[in-house]
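Here is the structure we will look at.
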Amino acid sequence: MTTQQSQLSPLVIKLGGTLLESDKALAALFTTLKTFFDESGRPLLLVHGGGVLVDNQLKAMGLTSTKKDGLRVTPFDQIPVIAGALAGTANKLLLAQAIAHGINSVGLCLADGGLCRVSQLDPELGAVGQIEGGDATLVSTLLQGGFLPVVSSIGITFDGQLMNVNADQAATAIAEILDADLVMLSDVSGILDGKGQRIAELNEADALELMKQNIIKDGMAVKVKAALKATKTLGKPVAVGSWRYPEQLLSLLAGESECGTRISH
Ligand SMILES: Nc1ncnc2c1ncn2[C@@H]1O[C@H](COP(=O)(O)OP(=O)(O)O)[C@@H](O)[C@H]1O
Ligand SMILES: CC(=O)N[C@@H](CCC(=O)OP(=O)(O)O)C(=O)O
């Protein structure tokens with residue numbers, strides 16, 4: 001990496017949805033990420049979810065799971081299984097893709113190097129964490145070294161309790177800690193209006209109205225609320241788009257507006 005490249009602001013990409021279930025989609029995405037990584041020279045960090053893997057793992061063990069306002073209720077006796085699915089399987093599947101595409105990467109969770117300070121969000125949700133600041137030192141060192149950090153949304157509280165953090169909230173918090181640009185990739189082409197059409201630009205007032213009308217709901221409401229907070233802290237828009245169209249990804253990552261939804265306040 002040249003001096004000029006290392007001065008470019010980092011880009012945080014959040015990966016979610018059913019991506020981890022498709023080797024073909026993963027390979028296409030990492031082919032594009034490798035091109036972007038090499039050509040832009042920008043420091044890049046991935047934050048990932050894996051809610052579908054968690055669902056499958058809990059089901060395979062005969063356990064049930066519910067969500068409240070888009071967040072998984074996480075009984076304390078389920079957190080070892082959920083941490084295994086997210087910080088273990090999901091994280092290492094992504095690391096494997098990075099390695100197979102020639103990207104030198106490091107798998108982390110929110111607790112590594114004190115990246116994110118995590119505390120319990122709401123006793124009713126059990127082992128679900130919220131992030132209040134953190135320390136960029138370790139990750140900045142990795143980015144400067146040309147590594148791709150791949151971060152799962154498992155955190156650890158000060159007293160050593162594993163916590164399940166929503167991955168959108170994790171991604172926005174990390175973007176804030178690094179003062180980075182943020183792109184969130186999901187199953188959908190962007191945020192959709194009441195007619196199922198992609199919304200190109202979404203401001204806070206319109207987002208709040210669409211949430212009130214229950215047009216933006218469930219996991220997307222969690223994502224939009226987290227993105228709105230991040231746009232204020234970062235002073236720049238946050239993009240929500242799809243990992244399904246690798247041909248559109250480079251323009252989305254470059255901040256062009258013909259695909260996805262740009263959220264601003
Ligand atoms: N207005 C909306 N526009 C797009 N998706 C929406 C909307 N409201 C709810 N959703 C749902 O939110 C999902 C994306 O949120 P989520 O499943 O949490 O994604 P991810 O796993 O990528 O974080 C979509 O697949 C869709 O089912
Ligand atoms: C508290 C909470 O809801 N945690 C999420 C963490 C994973 C996640 O957010 O995954 P996606 O990005 O794929 O949705 C969960 O257990 O599903």
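Each residue, glycine too, has its Cβ placed from N, Cα and C.
For reference, TrEMBL has these:
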- Gly50, Gly51, Arg72, Asn164: substrate binding site (BINDING)
- 11-240: domain 'Aspartate/glutamate/uridylate kinase' (DOMAIN)
- Lys14: site 'Transition state stabilizer' (SITE)
- Lys223: site 'Transition state stabilizer' (SITE)
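Close to the recorded substrate site, the chain also has Gly49, Val54, Thr74, Ile82, Ala85, Leu86, Ser153, Asn166, Ala167: residues not among Gly50, Gly51, Arg72, Asn164 whose Cβ is within 8 Å of the site's Cβ mean position. Taking the C-alpha positions, the distance from Asn164 (substrate binding site) to Lys223 (site 'Transition state stabilizer') comes to 16 Å.
Across the residues of the domain 'Aspartate/glutamate/uridylate kinase' (11-240), the predicted structure has a mean pLDDT of 97. The highest number of surrounding Cβ atoms within 10 Å, among the binding-site residues Gly50, Gly51, is found at Gly50. In this structure, Arg72 is the one among the recorded positions Arg72, Lys223 with the smallest number of other Cβ atoms inside 10 Å of its Cβ.
Annotation for Lys14 (site 'Transition state stabilizer'): same-chain Cβ neighbours under 8 Å, separated by at least 6 residues, are Leu46, Val47, His48, Gly49, Ala167, Asp168, Ala170, Ala171, Leu182, Val183, Met184, Leu185. Rounded to a whole number, the distance between the Cα atoms of Lys223 (site 'Transition state stabilizer') and Arg72 (substrate binding site) is 14 Å. Proximity of the recorded positions (Lys14, Gly51, Lys223) to ligand 2: a Cβ under 6 Å from the molecule is found for Gly51.
All chains included, 26 other C-beta atoms sit within 10 angstroms of the C-beta of Asn164 (substrate binding site). Considering only the residues assigned to substrate binding, Gly50, Gly51, Arg72, Asn164, the longest pairwise Cα distance works out to 12 Å. Classification of Arg72 (substrate binding site) by DSSP places it within a strand.
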